[in-house]
């Protein structure tokens, strides 16, 4: 189970790495900074695939029934998801890469607190120790960035950038806890379909307001189109695959596992952007993986409600169970005839 969790978590990290590398390549090589437009493409793909799947459903799981019962909840979820993506990317214009990497980890304790109250998750001491080790690994990675000179991207207003990172990390935590609840109690298709529907609407409106000029300035060619396509495919795969991983593990476990995404982006950056290499990067990867394995080695406990509701009537399952109990209580009778006239009757 631990090996499966590690592999799944690192697959998510590679998808995040793909989105980061393509976004950075667009920004540095072609001066294209359109985070909301990129998010809009992803939400549109989710709408095309998963919302369409919901539209063809019937009964209580149909699109109409979901909208009628929970539409306002999914509006808040879509808003949190869209703004989390936008705030983190926007923060790079104001603060340093180092600050973003450090403050982005603020989402993990927020996520654990939300899981405690909303999902009734109960942690052990080993889980807090594992999180501390993972954060130590992030600190090692930031130290390597400072030594390698990658923090030299000071923006215009550091305070604004840091606040944006903290808000974005908190919104990510809200989105991930909601995702875990929906995936484990409702369905993966419902989560992705609703996020695709409301994410497309919200990101489309915000795109028209804040990024229409940047889109008009893009000098389109096949390379830029290819980078947008790779970004969209990586983002779509990340959104489609993350609920599967969360259902197997938990939102907290997934967020610890994807801390290595920055390191994968660095390894690509060594060849694409000529970053300086430091042995501390390898050390930070090892520390993060040790903390991640330690966290996954002990499952969290779910607090049960004190009183369970009693069923009002006997359903089909209970009726079938009672029939099985009656059958088990009735002794089976075997009648055997021997060569003589004696009849032997035995009960099992």
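Cβ atoms here come from the backbone N, Cα and C positions, even for glycine.
According to TrEMBL, the features are:
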type     : residues : note
TRANSMEM : 7-27     : transmembrane segment
TRANSMEM : 39-59    : transmembrane segment
TRANSMEM : 100-119  : transmembrane segment
TRANSMEM : 126-147  : transmembrane segment
TRANSMEM : 159-177  : transmembrane segment
TRANSMEM : 189-210  : transmembrane segment
TRANSMEM : 222-242  : transmembrane segment
TRANSMEM : 254-274  : transmembrane segment
TRANSMEM : 280-298  : transmembrane segment
Next item on the list: Please indicate, using numbers and ranges, the residues of the same chain that are 6 or more beyond the transmembrane segment (222-242) and have a C-beta under 8 Å from a C-beta there.
Entry: 11-12, 15-16, 18-19, 22-23, 25-26, 30, 32, 38-39, 41-42, 45-46, 179, 192, 195, 254
Item checked: Contact yes or no, the transmembrane segment (100-119) and the transmembrane segment (254-274), 3+ Cβ pairs under 8 Å, gap 6+ -> yes
Notebook entry, point to check: Does the transmembrane segment (254-274) make contact with the transmembrane segment (39-59) through 3 or more Cβ pairs under 8 Å, each pair 6 or more apart in sequence?
Noted result: no
Checklist line | Distal contacts, the transmembrane segment (189-210) - CB-CB under 8 A, six or more residues away | finding: 36-37, 39-40, 42-51, 53-54, 61, 63, 66, 70, 74-75, 77-79, 81-82, 86, 179, 182-183, 239-240, 243
